[in-house]
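A.B. asks: Quick paste from TrEMBL:
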{"type": "DOMAIN", "residues": "B:75-291", "note": "domain 'ABC transmembrane type-1'"}
{"type": "TRANSMEM", "residues": "B:12-33", "note": "transmembrane segment"}
{"type": "TRANSMEM", "residues": "B:80-101", "note": "transmembrane segment"}
{"type": "TRANSMEM", "residues": "B:113-133", "note": "transmembrane segment"}
{"type": "TRANSMEM", "residues": "B:163-186", "note": "transmembrane segment"}
{"type": "TRANSMEM", "residues": "B:206-229", "note": "transmembrane segment"}
{"type": "TRANSMEM", "residues": "B:269-291", "note": "transmembrane segment"}
């Protein structure tokens with residue numbers, strides 16, 4: 001039985017339901033989540049499967065709206081902890097782990113062979129050598145491009161990837177043709193972080209990027225300037241007024257052929273297709289290699305499920321985590337989500353070129369980064385993304401930006 | 001009062017005041033105290049598993065940090081800009097009110113149309129102006145492009161963005177001030193105007209020496225609501241730019257929200273420190289207003 005309500009109503013509903021469920025003599029598993037309609041349906045199907053396999057457990061899903069959840073979780077973890085809660089991997093879960101609000105689930109990982117099956121996501125679920133939750137989905141980032149725009153500029157579509165030199169050369173051709181080579185909409189800041197992350201991962205590699213987001217590298221360091229030197233090469237070809245538009249507005253530019261490339265996450269494919277693009281003119285490639293020989297790391301923000309420290313029904317919650325982590329459950333769930341399973345033994349739909357390209361790209365990647373605002377602590381992330389945005393508008397301010405970021409770093413990681 | 005005996009007369013006022021005082025205490029005084037206290041802590045808004053407060057006492061550390069925080073300085077400067085430019089709503093509202101204070105056919109319709117911007121929500125005003133300024137399809141953008149050859153995306157340009165938002169804020173604020181003055185103008189004594197006219201006053205002199213003094217209560221209210229409106233400007237900044245580009249359109253109230261409650265915030269103590277500064281600035285104005293009101297009432 002799956003029930004859900006929105007926001008504040010969820011609490012009352014949960015109270016009413018739990019009394020009803022006790023009467024049915026089933027063990028209740030309370031699950032707080034923040035699904036949009038399509039993911040919600042997918043998760044409901046997974047819960048139905050779980051309940052079929054465990055007829056004595058009743059999962060009660062309280063669905064919050066996405067934005068409200070980010071505030072709500074801070075309250076319900078202390079005030080009225082559920083048995084399961086959605087959150088994100090990487091540094092995003094660090095405040096809850098450090099405050100002792102999430103339960104250590106290393107035993108679930110060990111008992112179910114997840115260390116091997118979820119190897120690609122393990123690093124991002126680990127703090128202090130322990131695992132604090134289970135990932136159930138992620139999606140790839142990369143460059144989405146409009147083949148028609150390439151044609152309009154007299155260029156060959158970059159299927160299969162191009163070199164960085166070629167990419168920049170193409171940008172010149174686009175500029176001559178009056179097309180934005182790379183588009184982005186940075187009003188909400190985070191889209192520029194995608195560009196920076198890739199430049200950073202490609203210039204100095206995964207370990208360096210992780211050190212940077214962990215605050216171990218000074219922003220005024222020469223190695224950071226190397227990343228911004230590459231950023232400067234790209235800067236003249238990025239949509240001019242990106243700071244005034246949202247990512248969806250930039251997506252419209254790509255759809256209309258006014259822009260050729262978009263560094264984005266796979267969730268944007270839906271938006272591109274709603275705008276009228278098809279598999280024929282929408283293409284995907286991994287971000288080009290910059291420093292030769294650096295192992296290819298990718299961005300793959302991971303969504304996760306955790307057991308709050310105040311959970312009542314820990315045993316069944318762990319059972320649920322093991323189920324969500326299993327290959328079959330992830331195959332089915334992610335087929336419905338249109339995203340990628342984190343379990344390497346899962347399969348993906350072969351008829352979606354973007355999903356299969358993403359699966360290919362991530363499963364062959366050397367390592368996965370979460371995204372700048374999940375890898376770096378919140379305050380550093382905010383300051384960093386503002387810095388990237390400012391750099392894209394005013395590249396001449398670079399030194400001032402880096403000094404500001406360095407002073408934020410010294411405060412945040414002290 | 002203490003010298004008098006305990007009787008109905010001395011008790012009744014307090015009984016009548018009690019509900020209001022209680023509300024004021026619980027919803028105003030107590031939160032102010034809480035914010036003051038919180039501003040001395042470094043706290044991420046989380047309680048630990050045992051429900052204990054996890055904050056760390058840092059004394060005046062948050063305030064020290066504020067002065068060296070460029071984002072705070074930007075917010076403060078923008079707040080001053082808001083305050084100064086927002087007050088333009090007072091003369092502009094007066095001008096429109098005087099212009100509309102005539103009896104022609106259908107004047108009520110014109111008055112309502114001028115009042116219209118104040119009726120719509122600030123969020124809608126913000127959206128309308130964002131589209132107005134939007135690159136590529138915005139009316140204002142296209143206008144600039146037609147005149148100068150290159151369009152300017154106001155909301156993406158750090159030099160103009162605050163002015164762009166203030167302009168959006170002035171639109172409804174002028175309407176508000178206008179309605180205050182229109183009601184004020186209704187109460188202007190016709191005999192005084194008549195007398196002034198007989199003495200040969202007209203134009204500016206009439207406005208300055210005869211009309212404006214009679215409008216003083218309306219002017220006072222207009223200045224009060226405009227100053228407070230400028231200091232608590234939040235919705236427009238949030239809707240139009242979220243403080244961007246790169247934080248150049250932040251104001252104190254928005255920065256406070258960002259630090260304490262937004263996705264990248266949860267620095268409760270630091271946010272509270274900003275709130276305290278904003279409160280102190282507001283207190284200067286509010287005490288001024290209260291002092292003036294108190295003086296007016298006692299002199300009468």
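Placed from the backbone N, Cα and C atoms, the Cβ positions cover glycine too.
Remember, TrEMBL labels are computer predictions, not curated facts.
Mind mapping these onto the model and telling me what they sit next to?
C.D. replies: Listed by sequence, the residues of this chain that lie at least six past the ends of the transmembrane segment (B:12-33) yet keep a Cβ under 8 A from its Cβ atoms are 279.
Long-range Cβ contacts of the transmembrane segment (B:80-101) within its own chain (Cβ-Cβ under 8 Å, at least 6 residues beyond either end) map to 107, 110-111, 114, 162-163, 166, 169-170, 173-182, 184-185, 207, 211, 215, 219, 222-223, 226-227, 229-231, 233, 251.
Counting residues 6+ beyond its ends, the transmembrane segment (B:113-133) has Cβ neighbours under 8 Å at 96, 100, 139-141, 153-155, 164-165, 167-169, 171-176, 178-179, 235-236, 238-240 in the same chain.
Within its own chain, the transmembrane segment (B:163-186) has Cβ neighbours under 8 Å at 81-82, 85-86, 88-90, 92-94, 96-98, 100-101, 111, 114-118, 120, 122, 125-126, 128-129, 133, 154-155, 211, 214-215, 217-219, 221-222, 225-226, 229-230, 233, 236-237, 240-241, 249, counting only residues six or more beyond its boundaries.
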